Each structure stands twice: as structure tokens, then as C-alpha cells.
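> The structure follows.
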Amino acid sequence: MRFGWLEVAALTAASVANAQVFDNSHGNNQELAFSPPFYPSPWADGQGEWADAHRRAVEIVSQMTLAEKVNLTTGTGWEMDRCVGQTGSVPRLGINWGLCGQDSPLGIRFSDLNSAFPAGTNVAATWDKTLAYLRGKAMGEEFNDKGVDILLGPAAGPLGKYPDGGRIWEGFSPDPALTGVLFAETIKGIQDAGVIATAKHYILNEQEHFRQVGEAQGYGYNITETISSNVDDKTMHELYLWPFADAVRAGVGAVMCSYNQINNSYGCQNSQTLNKLLKAELGFQGFVMSDWSAHHSGVGAALAGLDMSMPGDISFDDGLSFWGTNLTVSVLNGTVPAWRVDDMAVRIMTAYYKVGRDRLRIPPNFSSWTRDEYGWEHSAVSEGAWTKVNDFVNVQRSHSQIIREIGAASTVLLKNTGALPLTGKEVKVGVLGEDAGSNPWGANGCPDRGCDNGTLAMAWGSGTANFPYLVTPEQAIQREVISNGGNVFAVTDNGALSQMADVASQSSVSLVFVNADSGEGFISVDGNEGDRKNLTLWKNGEAVIDTVVSHCNNTIVVIHSVGPVLIDRWYDNPNVTAIIWAGLPGQESGNSLVDVLYGRVNPSAKTPFTWGKTRESYGAPLLTEPNNGNGAPQDDFNEGVFIDYRHFDKRNETPIYEFGHGLSYTTFGYSHLRVQALNSSSSAYVPTSGETKPAPTYGEIGSAADYLYPEGLKRITKFIYPWLNSTDLEDSSDDPNYGWQDSEYIPEGARDGSPQPLLKAGGAPGGNPTLYQDLVRVSATITNTGNVAGYEVPQLYVSLGGPNEPRVVLRKFDRIFLAPGEQKVWTTTLNRRDLANWDVEAQDWVITKYPKKVHVGSSSRKLPLRAPLPRVY
């Protein structure tokens, strides 16, 4: 296997150890170009709710050989087993097949007889913790029933720095608090169903352009390294790390490191983000897995905190691996300490036991690589047994109900001048626009949904699933209108503008459907290389709206999109009587929409992002051209914490629709704000102190002779194994640079297993436990002042004070039901983290002495209640 594994590892480690500052001469923030080293990689200790699972993990790992431990850490290769990623097995100890990891955050990818759930952005639009949990639980049940151990989701990266970022729809919202809560609830739901959840993509994975070298070169960009997202420490903590802290506190079992570099160190070998922030500061007890082919070194990644390499090979189907045999070699020759591989295995097995995989596990009953019933056991090389690979297990249960409910609960009513709800008495209804109809190639006609044909209910990429069916808006509206005795006329060709004009001129109400799509960078649709080229509507959408509006004075516009689109040309046209954003609602799309259109569901959704007048309104453009020669493109996050509504507030720019905005068929009033300091004597902040125990080791390493390929083993071509060809470690590694001195490439302290000092901001999963002590109670009275029952989403924002802070930041929210005339007192609390800022010098959270205020209302700019916060330190 001649591919310079140790050479790559050595160079990578040396660059970190020597604190090399990469060229970033174009930027204003030179200090952002460097990621400080942090070693050694913290070892798991089973804190809190992890204790029992950790104990069981230690027990089984103590019985494993080195090769068995390595087998758990390394995927067997792309298309080598049933799942998109699958580790080796440990049959001697009852792990008879490798751990199965499978996409995606909205349903099972590459499968059948599964559900297609609403996207993460729709969950954010509900602002509903219970619905987030129930969706996670339903997805977890389906993955479990298919034999999946690790669900590769949910996502909080990208967070949403760029409104045109290709994968923002997979996550939740550009607000860290909204994302963090729904991220955590989704994780709880998945893991309560017995499946390991994966918090991804960690971290600063905010655009698709330049995320992978080969992909970028395929689009004609001459780069040799992936993009570097360069951020300061305060912004990292207060914005991008925030939801991952919530995920760790919720007990997430796995974290997926990202393709991009962070401050010029690759995400899956960045000791600052993996060792320090995730494992030492946030106290993460689970395992870190690489994104697929985001693993760039052997020793460097192992020492920097990576625990699992996926899918195991360096490039898809090349049969080469940074780990596998090479990880075995590196432990035997002392390059990687035994305790580090022990910790990898313990972390993996701890997550396994924590969610109950030992009780629930069944073999994968589907193949990711074919829909045929029979196929090769090892698809990539057509080897192994020709066997039954698909059992066609229907795992949908009754999940269509929660999908339909979330679809309706996430339908944002942006504008309504009395057009909605429809009465059902409309005689002639026009349904206009391609986005209302079916994909002529079928709902799953485009691989990984990589096209924009028909209605948009899911965007594209690995974050997708096959639809079991797709109820289009046209189908659902037609069924509704016919049942009411009316007439419905549909034109779903966006080029048929004259026909649309004819229908619109005859209709009592015209429903216009438009969309905007995006996705993962390995697919380009109409020149959109994952990221959107702009924020305009797709498929001639503006012309469709203009045509219909000019012929019908009761036009309702429905937008299916991955994020914000530009609507400034037409949103205030008086003939546009209502605007709906329906996002990416999944398989029940049409039914969910009709429930809202006809008033069976009173809309309560709130937009999870800001609707600006222009792309420039959002700040810095997405990086679409290399800016560092053929080196790593440099994306400096110079805006700091000021993204989305925080950016608009800083610029004092009025958006078209602000973050948190959403109308209802009723009205709500806010009154009687009360703010009360809680007993602070028992809640003083206590920085964590002390040190860890020494790094534990489990079992004996043995010698090279113990890890030769087993006699009689029929090797599968390109399959990644942990064993050695020879007792000569240099020969087994087959690396021309074998034998380098450790001092040339091992970072200082990287192999130190002695007790290590605890970080002040650490101490428990999620960070210092006293960060989560409640300091202030806030209550307000919410009244339904209208004539229709409905849900309202009260939102609490805090002004943290200080000259360089956002005007307000969201901290708490809820979704409460109120009958007409009903009042409820909504009560919530603010904890220390809610009121603190990250102090870069102190490396800890600090409540500053600047005066602070609390604001309560229905959106980020409709905050009728406000009061000063009591001083709490």
C-alpha cells in the first residue's frame, strides 16, 4: 500500500506542532489563519449519565485484541458492506457484523419502504420542541427497524452564515439558540429509539464550494487544499459551538467532523476543535467520526482526536486506508499510544451501550447499492456471496401522521390580507406553476434528488431519502376543491405563461407555486454547485408570479425553498393577497399545505431566518472563487457573531420579514412581563479545577506476530482489514518514510497519558455544570385576542450590553395553544450561559457588568415587553 501514509501524517502533525501560520495575505485578520495545538486527546471517563455505558464499554474493550479495537475504528471501505459506512466486526465478543452508519437527517437514504420526513429547516419553523423530538423518535424507529446502528444526523453545520449555502436546509436555523434546542430534542428522540445520533458537520462547514479538493477540481478550480473557515474564539463559542454544546449535553453518541479546515487545520485532525473544545471543554463522551473522505492523515488524526474513519478508504473504493493495518502498526511501534486506541474503542462502545444497541440490534436488512433482492455481498468488487441483500422491510409505521403535522406546523404565513383561510366555496381555483405538480421522471427520478422538477419537497445530496410517495400540492388541492363542488384548473409548465394568464383571469383565487433548490456539492443543478448562485426563484418563477398577479387580484404565492429568496419585486403588490413559505415538507407536502389553506390547521410557524431585500443585505458573499492561489481558499468570518437578524440589526436595516415573523388566523396580545432573580447564593459560578486521572489502558497489546492475517482467510479485494502482512512493521506499513524520528512529526505532549488539568469551562457533558444553573425567572401573559383557536410562539430575547454585542439575541421560546379569549402565563428561566459572553483572555464564560435587558414578543422586531435584568454574577 504505497501511498506515503506516515509521510502525510508526519507533515500534518509537524505543521500543527510547529505552529505554522499559513498564508492568508488577502485577509484583514491574520490571527485567524492559525489553529493552536491542544494535546493530548482527552480520554473518556463516563461522566454523569454515561457512567453505566462507559463501565460496560470498558469491560468489553478490555477483552479485545488490538486488531479488534482497530476494526471498530475503521470502516471497511465504500460499498464494501450494506451501509454507506460500516466498521469491521468483533464476532469473538458478539459484535457479529460491523456497526452500520447510514444517511440521512430526514430519512433513510438508499433504501425503500421508508418515510421522507420534513427537512431540518421546517422543524425550525415550527419552533416546537415536542415535534422535533417526535420526528427524531420516528426517524430513529425506522433506522432501527432497517438494522442501522448510527443515524448520520442531525445537522447544525452549516448553521447558516450564508443564506445561499447549499446545505442550510439540512440544519435548523442561523440562530444558535433555536438550533441548539431543536438539535438536542432531535438527538434525544433518535437515541430514545435505540439508534446512535450523529451531530454534524463539526464545525464551520458553511458552504459547499471548495469543501473537497477533487470535487472542486472537477468544477475547474485549481486548488490543492480544501477551504479554511477562519474564526475568532469568541465567535466560535457564542455562535457555532453553541448548538454542539446542547447536543453534547443531550447525550449525543457521535459527532461527525467536517471536510473544511478550521483556521488552516483540517476538521478531522484539528486538535483545537476536537481535543480542546469538544472533548475537554464540552466533555464529550462519545466518538468522533470523519465525514466521508474527510480523513487526511493517520497519526495526525489519531492524536488530534478522531475516533472512527469513514468509510475507511482514503478515496472511494481505492482499497487504501490511513488506519486499518496502519493504525495497528502505529500502536505496535509506539507512534500512537495504546491508550489512544483504547479510548477510541471505549468511546464507540460507550455510545453503543448508552442507546441500547446491544438489546435492539438486528443485521442491516437492506443494501445501499441496489434495489434488487439479490446482489453481491461486497458490491464494490462483486465478491463474496451472491445473496439476498434486500428484505424489503416496511418501516414506515404510522409516521405519515407526524410528517403531515410537522408539514402544517412549519408552514409560515408571511402575508395575509384576508385571502386565507379559503372557505371551500371558491368556484374556480387556479393552480399555477411547476412547483405544484409532479416530477415527470417520478418523485425519486433524480439520484439523491439532484434536479428541480415538479414540486420541491426535499433538496439534494446525501441528506435525502427516497420518497415512498409524494402528495403534490396540485393533487391535494384538486381533491379538496372537487370535494367542495368547485372547479380547479392547473398549469404546471412555467413556460406556458399565456395559458397561465388565461386561467388566472378566470379564477376567483390563483395559487402560484414557485421554488428555489440547493444541496450538496457533489451535484450541480443548473450551474448551482451545491451552493445557490443567487437568491432568486428558480424555473422562471418571477415571470410566473408577474403573469398571474397581472391577471388575478387574489393571488396567493406559495414558496418551497431551502432558505430565503428575493421577493422584493412583488411581495407588496396588492394583488398578492397572501404569501406562504412551506419549506421542504416531505412526503405529505400537499396535504400539509391544504390543511393550512383551508383552515383545518391555524398557521403558527415562524420564519427561522430573515427575509432581506437583496443578497447584499445579508453581508459578505459566499466564496465562489479561490483567493489563495492554488492553496486553501481562505474564508475569514470577519462578521463575527453578526449573522442573519443580528447583522440586520447592526446595520439598522429593515428586512421584508424579520426572523421569528409568522402570521396566524387569529391574533395574540402580550402583557404583564415579570422578571425575578432566583436565589443566587447557591448558584455562584465555580470554574472547574483539578485534573483528570491518568489515561487508562485496557488489555495487552501483544506483538506483531499476534496480528498477522489469519490463516485461511479469503481476502476481499480492497476491503480494509486491521491485520499485518508481516511481522516486519516497516514491510507491513509499506511506507518509504517509515522510521522518521518522532520529534520530526509528533506534536509536543500528544502521547502524554499522565493526569491533565481540567479546563475552567469544562467539567461535564455540555461544559461547566454551573453554566446551566437558572438565575432569572421571566413570565408574561399571552392572550388570544381573536376568534380562532391557535398556537402562538412567544420569543424571549436578551440584550447582553456592551459596545460590540448584538442588539438582541434569542434565548428562549415556546409554542403554546390558546382558545379564543384564553390567557396563559408563559414562564421560562434564563441560566448563566444565556446571560454570559465568552472571555477570550480568561478562556471562560463571564457575565459582564454591562446592563442587560429582557425582551418578549412574537418576533425579533416585535417585542412589546421589555425590562431590565437584575444583576446576577
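Every residue, even glycine, has its Cβ placed from backbone N, Cα and C.
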> Of the residues N365, N652, which is given the N-linked glycosylation site tag by Swiss-Prot?
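Cross-referencing N365, N652 with Swiss-Prot, N-linked glycosylation site lands on N365.
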> Measure from the Cα of N71 (N-linked glycosylation site) to the Cα of every one of the recorded positions N263, D291, N326, N365, then give the nearest.
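Out of the listed candidates, the nearest Cα belongs to N326.
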> Roughly how many Å separate the Cα of N534 (N-linked glycosylation site) from that of N263 (N-linked glycosylation site), to the nearest whole number?
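With the alpha carbons as reference points, the distance is 27 Å.
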> Sort the glycosylation sites N222, N263, N553, N725 by C-alpha distance from N679 (N-linked glycosylation site) and give me just the closest.
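Comparing Cα positions, the closest of these glycosylation sites turns out to be N263.
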> Measuring CB to CB from N453 (N-linked glycosylation site), give everything in the same chain under 8 Å that is also at least six residues away in sequence.
E434, N439, P440, W441, G445, C446
> Drop a 10 Å sphere on every Cβ of the glycosylation sites N263, N326, N365 and tell me which sphere holds the fewest other Cβ atoms.
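Comparing Cβ neighbour counts within 10 Å for the glycosylation sites N263, N326, N365 gives N365.
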> Nearest to N365 (N-linked glycosylation site) by Cα distance: which of the recorded positions D291, N333, N575 is it?
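That would be D291, nearest by Cα distance.
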> Sort out for me which one of N71, N333, N534, N575, N725 has the most neighbouring CB atoms within 10 A, since those are the glycosylation sites we care about.
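By the 10 Å Cβ neighbour count, N71 comes out on top.
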> Quick one: give me the count of other CB atoms within 10 A of the CB of N222 (N-linked glycosylation site).
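Within a 10 Å radius of the Cβ of N222 (N-linked glycosylation site) lie 9 other Cβ atoms.
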> Name the residues of the same chain, 6+ apart in sequence, whose Cβ is under 8 Å from the Cβ of D291 (active site)?
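Same-chain residues close to D291 (active site) (Cβ under 8 Å, separated by 6 or more) are K200, H201, M256, C257, S258, Y259, G267, C268, M310.
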> Ranking the glycosylation sites N553, N679 by other Cβ atoms within 10 Å, which is at the bottom?
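The glycosylation sites N553, N679 were compared, and N679 has the fewest Cβ atoms within 10 Å.
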